[in-house]
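Asks: I am attaching a structure below and will ask some questions about it afterwards.
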Amino acid sequence: MWSLTANEDESTTAHFFLGAGDEGLGTCGIGMRTEESDSELLEDEEDEVPPEPQIIVGICAMTKKSKSKPMTQILERLCRFDYLTVVILGEDVILNEPVENWPSCHCLISFHSKGFPLDKAVAYSKLRNPFLINDLAMQYYIQDRREVYRILQEEGIDLPRYAVLNRDPACPEECSLIEGEDQVEVNGAVFPKPFVEKPVSAEDHNVYIYYPSSAGGGSQRLFRKIGSRSSVYSPESSVRKTGSYIYEEFMPTDGTDVKVYTVGPDYAHAEARKSPALDGKVERDSEGKEVRYPVMLTAMEKLVARKVCVAFKQTVCGFDLLRANGHSFVCDVNGFSFVKNSMKYYDDCAKILGNTIMRELAPQFQIPWSIPTEAEDIPIVPTTSGTMMELRCVIAIIRHGDRTPKQKMKMEVTHPRFFALFEKHGGYKTGKLKLKRPEQLQEVLDITRLLLAELEKEPEAEIEEKTGKLEQLKSVLEMYGHFSGINRKVQLTYYPHGVKASNEGQDLQREPLAPSLLLVLKWGGELTPDGRVQAEELGRAFRCMYPGGQGDYAGFPGCGLLRLHSTFRHDLKIYASDEGRVQMTAAAFAKGLLALEGELTPILVQMVKSANMNGLLDSDSDSLSSCQHRVKARLHHILQQDAPFGPEDYDQLAPTGSTSLLNSMSVIQNPVKVCDQVFALIENLTHQIRERMQDPSSVDLQLYHSETLELMLQRWSKLERDFRQKSGRYDISKIPDIYDCVKYDVQHNGSLGLQGTAELLRLSKALADVVIPQEYGISREEKVEIAVGFCLPLLRKILLDLQRTHEDESVNKLHPLYSRGVLSPGRHVRTRLYFTSESHVHSLLSVFRYGGLLDETQDAQWQRALAYLSAISELNYMTQIVIMLYEDNTRDPLSEERFHVELHFSPGVKGVEEGSAPAGCGFRPASSENEEMKTDPGSIENLCPGKASDEPDRALQTSPQPVEGTGLPRRSPLIRNRKAGSMEVLSETSSSRPGGYRLFSSSRPPTEMKQSGLGSQCTGLFSTTVLGGSSSAPNLQDYARTHGKKLPPASLKHRDELLFVPAVKRFSVSFAKHPTNGFEGCSMVPTIYPLETLHNALSLRQVSEFLTKVCQRHTDAHAQASAALFDSMHNHQASDSPFSPPRTLHSPPLQLRHRSEKPPWYSSGPSSTVSSAGPSSPTTVDGNSHFGFSDQSSVNIHMTEEKQGFGLLQETPGDGTRELHIERQQELVEPAQSPQELPVEICPSGSQGVTKVSQTCQEVPDIVQPCHNIHEEIGQPQQEVPDISQLLLKDHDTTTNTCHLCQASQLSQKVCEEICQLCQDNHEESNQLCQEVSVKLGRMVHGFPVNVDSTAQETLMEIGRPTQEIPEDPYQEFSVKVGVLAQKAPAISELSQDIPEADKPSQELSEETELQAQEVSEEIDQESEVVDELPPEAIS
């Protein structure tokens, strides 16, 4: 009746067809037409185009809902499917017409809201039998909170403890209420205040929260938002006496609620908002909308989203989550609900709904439609070596962004009040104390004021200098009129025999004194607005490292990552040290990377993990190692000589022959003379500032970042005082501060026009280029020793990250065709970002340069890379070291070529002097595009800047365009003007992308270009010295794609001209004057150097063995015992077998699901077959049922990541490394508990399918890996589960692999029993699994502890015992969650790899439990990685 009779061009305008009785409504909204206007249009076109079948999608809801903005936006997009026609039933029709008169439709989207006749909708669905998006009968249940809670409970979904009070005369036994002063007893269940009282009707939003008298009593009354209020406080403390209610525990959520919106079981969007219970004030933005911000769901929460969607049979469903005490609880299910104001969500939702409808209904109409198989579904990309590989892991270590100058003051304090403060905050436990919180700084300020008051009364000559410092301490702490822990920090270090010679002017050693404290005050160093822009833009550029973004979503840079991320196939963790500038840099980067909006604070809270309590990214620069003291003394001695540098000095100061160092020394010539010049220039500068302050016109002058001339003068005056000591000698340690300050003023305060700053910058930079890198060691050996002292924990964590990726995903995978078709969530990318300070970046680079990664005499590529690094004079803000791990599934699983590692580097922000960095090696695909590259696949171009452009037969030297890569997102006209459902779009965009960033030479056939370049282009992130970007980081730059498409291969010359930009601007993050730049307001923000490839032909084995060797070599005798656990594990990992996937378990061929009678919520495939709708979890096709279960390691990986990444990282604090003082540290070295011993005892009991394992440690991984094979069969979809296993796996290499075999023996039986019990329908398969995976593998599975409480907890605790840095709490939470997961063991049944039936109903169980498995892993990952529960003493 309502079908289209012509094939209209619907790509530009969405068509809405309105049912009778709503003509007046048909004219509103973009693209909406009345029935009459459409009829005329159809008549006009009827003769031109033969009729095509149409699927009619009916919208049956109240007008307020069907015409809402979200619905309109989604329906507009839905109409872009060629064969879908939308019909909106008018409210008059719904309310007044009998259902027989309602328009017929093939698919019905109908949902209840106030006043909606649900009965009529149910009758209509029975009459017409349309395909229902949201089940109608279940909507009756959603209106009753009692039924909602009952269903949630049946599904095993966590919800707060509750009791129902039914005031029903027919059921007096359910109406027992005893109210006390601070508690209420409902039907025998006692609820102490605070508790929540909810009406049983879901339509009644008058929810009350009752507070205990100790907190003041009263209640908070929540209601539907009225204006700017959502609740009000009432002094009434008595519960309501009429009506039926649900009483439940109040969950402490830290003031935020999470609202989750599902679109099918495999997609969920989550937003956090201020809890209405907090103060009742609705936070609104400038447009009057409630402030919400997107959040990441944990794996367990993703599982909950799926289960809610399936249990209530609502494809589109919203529900509320409470995050409390490390758990997530569902407290409300709202039914049909859309996200407001999220274009991304509208795109995704329409695509998922459209694909769901097409999948179910298209076959009936013989409509040609198939599941789009896009390259984005698997992160396969061309690497820089030209081969097609799957991106598995990205590890980046990034320095913070542009900051204000750091300032520091040291003073010795001996007053008892300081000692009392030191003791109060636990300083004696570690000998050090950091005070950052406002209340702590207030205590310091109070003591300072008190001492100054005493000094005024009793001045003593001998402490005059201290008086000045106390005054400065007071003035700094009083700055801004309030405390912000990010801006200032006080450190106290205990010296039992008095502080040694101070760095602030005293050259002679003092005699040993009574105990004293060294107080170090640090201020400044805040991230500037420019620093935020740099970080956010770099985050945007980093998106382009990730694959995908084809088809309808190729409209803006980096959307492949966003799709990967929103569909839960991106395992992202961001770590930052505890410095405010570092944390804010990480938050700004995350904002750009994930296209988040709003302020940085909520992003920081939600996304950035603080790694400060374990030394992972922090370093105590005030406690130098003996090696650093020696180096510093030697450096100061050489630079105090008033004579030109001679050959001896060059030998002493630059034994490594660093090009940049030699250049700087040639500029300096005589260090003392240069210091004299620098001092004179500083004096001149302070004189100019004082003069400027006398100028009346400069009284209210505001400098950059709200600095005043007075503060600027203080900054320079302090440097002037400190640089030249009383003895006339210069304090070389102040040179970096001088360079820091002058660089800041030249860049940000250039408008002042101060004289001499350019010369001061030139000279101080030359000095700093000697002092800064040489403070980290002069000889190669010193550099490595100091470097490992700084970043040993980080090295261990990087090693862990690489091996975890390798271990949990290295088994044989599904054929890419199947995986693409089902959007396998196992195809995920693991990203670990570490934001830190200059010391860690210098140190890590030193390890790679001087640690012996490769022999430069044997490797020409590495030799040129070292030459490039040698020419780098400064590791500026936003310096990046990036490690990318690829897997080549075409290689033999045991081959070393299976895993491919690339090492990239960028020196960060460009200096004030353009071109101050050398021409890099380029982000080079050493692909086989010509014979020369074939013969030397590992080579890189010379450092000669002109070489690339002189070789036209190589990939073109194209430079990124700022507008598309790092500017604001733009949609591609090619894509957006076509229908989203059109397969032609997919093929066209695929073939039109000539290799993305790789603009190939004309000799390359277009077909080959298509195969090699799965991504499109992004600007700036990758060096164009050799070619215009990374093919291992396909980007999404429309410019290259759309223009490139129009140019035939023969016109590459013109394309080269079209895309070429001068090299100096190739990462134009903020060249505001560039006409194409998207960031117009940041003209002062320097651009960032692109990534250069240091090496693109490393194997995982090489890198892992190198990192292991470095960590072992620098482990001192004291830490040897505890390090044995870690190191032995890595020795195992370095053996032949572990670095390639082990023996594989063959899984039956997968079958794509045929159209089924099942509703969409039972769909085993993903809701959307396009990247945007990728599964949130392991829900692939029914083929999932072929997956076998994994060994315990899969569960424990995440534990281990933390334990090793955080706990064991601290094991070896020798040779300058920082020792983490944690209680129970001794337990680390107790040999009795070391899993190292376990392999010998337990290996013989390895699982079936694994070759009999000998007692050699090397065999252990073989157990793991077959387990992984089994695991991966289910574990692939559970990409997160492997994380957990590796986490514990890394800690106790054998604990997971063998400990489980041993310790979990008693659990094995239970595994089988509960599996069988909980999976009655799959009883046979459950037993089959237990037999097949073997009891022993089942025991390894005990990482999903079957006993929810004690057993699981005990087992996990046993495993966790050797690394106590992480306290028990996370384990307990983990064990409960994992236990819950294990109870849902249908996963295990379905995961049995021998189950051939792919379409059985048990399929759903499989998917859910795979998800559960995944959930646990990520849950653990997140909980344990945060490590916030570390004991306070560990935090110092």
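Every residue, even glycine, has its Cβ placed from backbone N, Cα and C.
Annotations per Swiss-Prot:
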BINDING   Lys64, Lys65, Arg224, Lys225, Lys259, Arg273, Ser337, Phe338, Val339, Lys340  substrate binding site
REGION    382-453  region 'Polyphosphoinositide-binding domain'
REGION    915-998  region 'Disordered'
MOD_RES   Ser939  phosphoserine
MOD_RES   Ser982  phosphoserine
MOD_RES   Ser1032  phosphoserine
MOD_RES   Ser1068  phosphoserine
REGION    1131-1191  region 'Disordered'
MOD_RES   Ser1140  phosphoserine
MOD_RES   Ser1147  phosphoserine
REGION    1389-1436  region 'Disordered'
COMPBIAS  1405-1436  compositional bias 'Acidic residues'
Asks: Within 10 Å of the Cβ of Arg224 (substrate binding site), how many other Cβ atoms can be counted across all chains shown?
Replies: 9
Asks: Mind tallying the region 'Polyphosphoinositide-binding domain' (382-453) by DSSP state, helix then strand then coil?
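Replies: Secondary-structure breakdown of the region 'Polyphosphoinositide-binding domain' (382-453): 28 helix, 26 strand, 18 coil.
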Asks: Drop a 10 Å sphere on every Cβ of the binding-site residues Lys64, Lys259 and tell me which sphere holds the fewest other Cβ atoms.
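Replies: Minimum Cβ neighbour count within 10 Å, taken over the binding-site residues Lys64, Lys259, occurs at Lys64.
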Asks: So how many other Cβ atoms are close to Val339 (substrate binding site), meaning within 10 Å of its Cβ?
Replies: 23
Asks: How many Å separate the two farthest-apart Cα atoms among the substrate-binding residues Lys64, Lys65, Arg224, Lys225, Lys259, Arg273, Ser337, Phe338, Val339, Lys340?
Replies: 24
Asks: Take the Cβ of Ser337 (substrate binding site) and count every other Cβ within 10 Å, whichever protein chain it belongs to.
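Replies: Ser337 (substrate binding site) is surrounded by 19 other Cβ atoms within 10 Å.
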Asks: Find the average pLDDT over the region 'Polyphosphoinositide-binding domain' (382-453) in the predicted model and report it.
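Replies: Reported value for the region 'Polyphosphoinositide-binding domain' (382-453) is a mean pLDDT of 86.
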Asks: Can you tell me the three-state DSSP label for Arg224 (substrate binding site)?
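Replies: The three-state answer is strand.
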Asks: For Val339 (substrate binding site), which of the three DSSP-derived states applies: helix, strand, or coil?
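Replies: DSSP assigns Val339 (substrate binding site) to coil.
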Asks: Tell me the coarse DSSP state (helix, strand, coil) of Lys259 (substrate binding site).
Replies: strand
